[in-house]
DNA sequence: ACCTGAACACCGTTCAAGT
DNA sequence: ACCTGAACACCGTTCAAGT
């Protein structure tokens, strides 16, 4: 059911975004890969912004799915929080190495509103999940703030490691977070 | 002594990068603002990548200066570490709101090597300064890892707050870091 | 040494024209 | 409904030509 032209555009665009970011999304190349011409894309997506937003929405669905998977695999909230950094680690590791950080990083003016909305959604999905786990361990008010802090710290670790040091550095930073008690050890 | 054409290009480019990021750096607009034509820029900088790297180098000099200022204003390493998040806060707050995070965020393939080199330098400047302060408080080996963690966490806080929530969220996340002991309180 | 207009190959997007 | 070639206004960059 995923063989429609629209679906092919989406998955190819995703690959292109992963490799070169939102700005690297190229309509002529994208169309050529699929076997159509650039103007044809506008029959499926009204603009590059809309296509970018659709790709970002995919990312949101993916994190949500990954978070749900963690929730099901692990019994205790503590075990879930232990597994959490693995999501960003995998994104840093594999071909999906961009996660949403590249979108995030693009500044407000560059990225169109539709895409920004999805970025916000991505943050909210993460923080909401974290707060849900944390609220089983500590008072609700603290849990909310702590969820924010954990997401920011892990996202920052991914960003820093991409800039310099790669996976080993990411692991080191996460270990430090655990040593200090920001994350359960 | 800063009134040379080259200097005007640099400062104008900086403003443009702050507002629209590396990709938003536009040679025709940039030239027009200064009062010359786009091809003339190539007489001062061999490429957009070189100009971008020069702007990034400015950012590095600025953090270094800001860190030195903190070192001089505060006596104890603890006081220095207390003041550290203020640098990223100011970058998030004022017109200089991009800091280096937008560069950082740009993925490896997008941004040319010369600019990436400066990004790495930016990280190193921060981590080195942090490690210097921390090593006066705890064993050297722990200090290095902790410096990595603090930089990543603060950068992540800035990134997250830019994406959603702004200054109040940044302050909340930093407060959480302090509450948990990642940063001195 | 520094600047320039014209041109190059790119880009997102539009549109009239095809099936 | 879906695709297309041609054209639009943009972009970084080059180059021959000016001072």
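Counting begins at 1 with the first residue displayed.
Including glycine, each Cβ sits where the backbone N, Cα and C put it.
The domain 'HTH tetR-type' annotation in TrEMBL covers A:3-63. Across the domain 'HTH tetR-type' (A:3-63), DSSP assigns 46 helix, 0 strand, 15 coil.
The DNA-binding region annotation in TrEMBL covers A:26-45. Counting same-chain residues at least six beyond the ends of the DNA-binding region (A:26-45), those with a Cβ under 8 angstroms from any Cβ of the stretch are 5-6, 8-9, 12-13, 16, 20, 51, 54.
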